[in-house]
Amino acid sequence: MQNLLQNLNPEQYAAVTLPAESALILAGAGSGKTRVLTTRIAWLIQTGQISPSGLMAVTFTNKAAKEMQARLSAMLPINTRSMWIGTFHGLCNRLLRAHFRDASLPQTFQILDSQDQLSMVKRILKANQIDDDKYPPRNVVYFINNAKEQGLRAAKVNTYDPTSRQLAEIYGIYEEQCQRDGVVDFAELLLRTVELLASNQPLREHYQARFKHILVDEFQDTNDLQYRWIKLMAGTQSAVLAVGDDDQSIYAFRGANVGNMASFEREFRVQHRIKLEQNYRSHGHILDSANALISNNTERLGKNLRTDAGQGELIRIQEAPSDREESQWLVEQIKELTRQGIASSEIAILYRSNAQSRVIEHALFSASLPYKVYGGLRFFERAEIKHAIAYLQLMDNPHNDSAFLRVMNFPARGIGAKGQENLQDVARQHGLSLYAAVPHLGGKAGSTLGAFVKLIEAARFETQMLTLPELVKRVLEMSTLIQHYQNEKDGEDRVENLEQLVSSAAQFIAEEGFANDAPALMGPASIASTNIVQGDGVEILDADAALNTLMSPLSAFLSHASLEAGDNQAQVGQDALQLMTVHSAKGLEFDAVFITGLEEGLFPHENSAKETGGMEEERRLMYVAITRARQRLFISFAQTRMLHGQIRYNTKSRFLTELPEENVKWLSPKVQQNWFSSPKSAWDADDQYSQRSQFSGAGSSSYQNKVSYAAPHNIIPTNEDGWRIGLSVRHAKFGEGIIIKLEGSGSNCRAHIQFYKLGLKVLDLNIAKLEKV
Ligand code: ATP
Ligand code: MG
């Protein structure tokens, strides 16, 4: 038996071996919070205080949950798969699967991801003739999710004016539609579970008695609904260990509430708050910088961190003329690091927004450096995969309208917008799903859709006894999706992705412990039979084991596609660079970390200026980014960047100036100051965004050749006549454009202008007739 406790410092030791009472560990990055949490689980089991099924551990990302299971298996010879270790969404999904009847859900309920949620809202607005300029679909989705996170059903939403009444009405229609389709969105997974536990006493007491220990990592980022769920699962008897760091609270924009930490201490009668002050992750320069940066925040609970590791290398800061050159620089640095023996998988490239990854990916790809992207447009979110998944969803539940709509005319079957509308009308009149409404539809659309329904029925019939990978393969063939993409120009990637879906189904079956020959459509026997009868006559089937005892292979795979997307891009075991947003890097660590795009407006993000506390949240995000690094940290920014089809002229991020001089080394020379005003002025708060010019309409191809024309960061050159970079101008022949470079002076003054329609032109300012607009 391993001695689990031997490598812990005294504070960690005390935390791991706490008596069975609720406790809060509040400690900075890299101080071993997650390690304490995992070791405590192992210790509780090893000392016989609890069986593996008597505890539940909640983490924030699938990656973190997997890592916790792996660390645990390394400490104890136990099967962690059937343990209750997972994300909030994953565990709620498991509960709802086991108790679908009590939760008033169909057994085959499916999970609506954010994209599908948005499409459903758009459809509802259209069907009800609601003006989507006045009620933009994204805002409606935000409203709905927000209400759910506050635990509010449509009927309970506060309506105080016509707008809120209208929103509540849309929300109500949306609720009905989801129920009819048998789909639940992400927020619904939690809300439904909370309502189920709150209203069903026997069930609640069952779980409260079962889970003697509940452990929650990254507690600072829980929202109110998640906290309510923890309270319902815990009751008064369970010991809850909450672990967190207020300086790493980065989800306030999604309703996370740091205040939950204080409520937790009060409501769980926490006797003492445990502090961990030794950092085991980062070298001195990295830690000192993180500490200095975060000290600029005022709203802090206050913590200290020290390290015994040496100072290590200075943090390298690079200024690049453009995002392309920033990526080029990344490639060179990475090659150097790997030459020094650092594994690619130990190198992370972090960015604030997903949109930044494209240019980085392009550079890595051209340099043949393998990489893996977490988040972003994930495997399961690609159009061709979504289409395939929709067909699979129809195998599981043909009444899922979202799935039906997605593929009723894909590949094209000649069903026009009119036919679609007619079908939706008929379905509404009869209160039927689209699938069930088809026989009521006449005309050409009726017969074309009739053939589609027949195709689905035939596929459902034919695939009954197939295993999951076989079923996926067969459905891809029957749907003619593969054929469709084979005939499409540049369709090879999509065909490859579809083929990858078959392998990922095979991998899923193996990983989740389903029998190799289990028919994909068949649910486990335990669900089909009656529930286990408990002593006092209450029937409770415990949501006990792994998903393979709760769902059919296909249902489980579809949940996985919605919930656990993103892990399928690199081959398993491949040594690949790790690309992700700072948000998704939470809790992780790497030997070397690159933080890119340190530009005002990007990081800190411009939206943060609009919200109270927004800037402090951005700074916490930067704190999270810095503290991911063990040995080497690189930070970069670009003077110009192409983002969302616009070129942005950037000033460097304020966060760079908050890092102590003695911890950093500037690789690129600081900005030359020729024809410009004092760079200091760029730091005036009011000025911050006005110095960045943007324009739309330039395609990325024209941009490729032009980014290097940009001006140095934080300064906008102006000539005597007031022409300046970033100025919008109009030319009689070329139309409107924007000045991106000025050269020469007096009678020999030329401007490089990016015209929206015609691309770049270089014009002599003394000859060309330009108007300022
Ligand atoms: P974060 O706030 O970023 O989530 P954390 O507090 O959860 O960080 P961990 O990830 O648990 O920190 O630990 C950071 C690193 O330090 C890990 O590599 C861990 O194995 C190591 N570590 C923690 N405690 C010790 C210890 N007592 N001795 C040696 N290494 C340790
Ligand atoms: Mg952690």
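Heads up, the Cβ atoms here are built off N, Cα and C, so glycines get one too.
Over in TrEMBL, the protein carries these features:
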type	residues	note
DOMAIN	6-283	domain 'UvrD-like helicase ATP-binding'
BINDING	Ala27, Gly28, Ala29, Gly30, Ser31, Gly32, Lys33, Thr34	ATP binding site
DOMAIN	284-587	domain 'UvrD-like helicase C-terminal'
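TrEMBL feature annotations superimposed on the structure.
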| residue | record | Cβ contacts under 8 Å, 6 or more apart |
| --- | --- | --- |
| Ala27 | ATP binding site | Lys33, Val243, Asp245, Ile274, Lys275, Leu276, Glu277, Lys303 |
| Gly28 | ATP binding site | Asp245, Asp247, Leu276, Glu277, Asn279, Lys303, Asn304, Leu305, Thr627 |
| Ala29 | ATP binding site | Asp245, Asp247, Gln248, Asn279, Arg281, Ala290, Leu305, Tyr623, Val624, Thr627 |
| Gly30 | ATP binding site | Asn279, Tyr280, Arg281, Ser282, Leu287, Leu305, Glu589, Thr627 |
| Ser31 | ATP binding site | Leu276, Glu277, Gln278, Asn279, Tyr280, Leu305 |
| Gly32 | ATP binding site | Leu8, Asn9, Gln12, Leu276, Gln278, Tyr280 |
| Thr34 | ATP binding site | Ala64, Met68, Asp217, Val243, Gly587 |
- Scan Ala27, Gly28, Ala29, Ser31, Lys33, Thr34 for binding-site residues whose C-beta lands under 6 Å from an atom of ligand 2 and note them, or write none. Lys33, Thr34
- Can you list which of these binding-site residues (Gly28, Gly32, Lys33, Thr34) have a Cβ closer than 6 Å to ligand 1? Gly32, Lys33, Thr34
- Message: For Thr34 (ATP binding site), which of the three DSSP-derived states applies: helix, strand, or coil?
- Response: helix
- Item | Across the domain 'UvrD-like helicase ATP-binding' (6-283), average pLDDT on the 0 to 100 scale | 91
- Specify all same-chain residues, apart from the site residues Ala27, Gly28, Ala29, Gly30, Ser31, Gly32, Lys33, Thr34, whose Cβ lies within 8 angstroms of the center of the Cβ atoms of the ATP site, ordered by sequence. Asp245, Leu276, Asn279, Arg281
- Counting across all protein chains, other CB atoms within 10 angstroms of the CB of Lys33 (ATP binding site) number 25
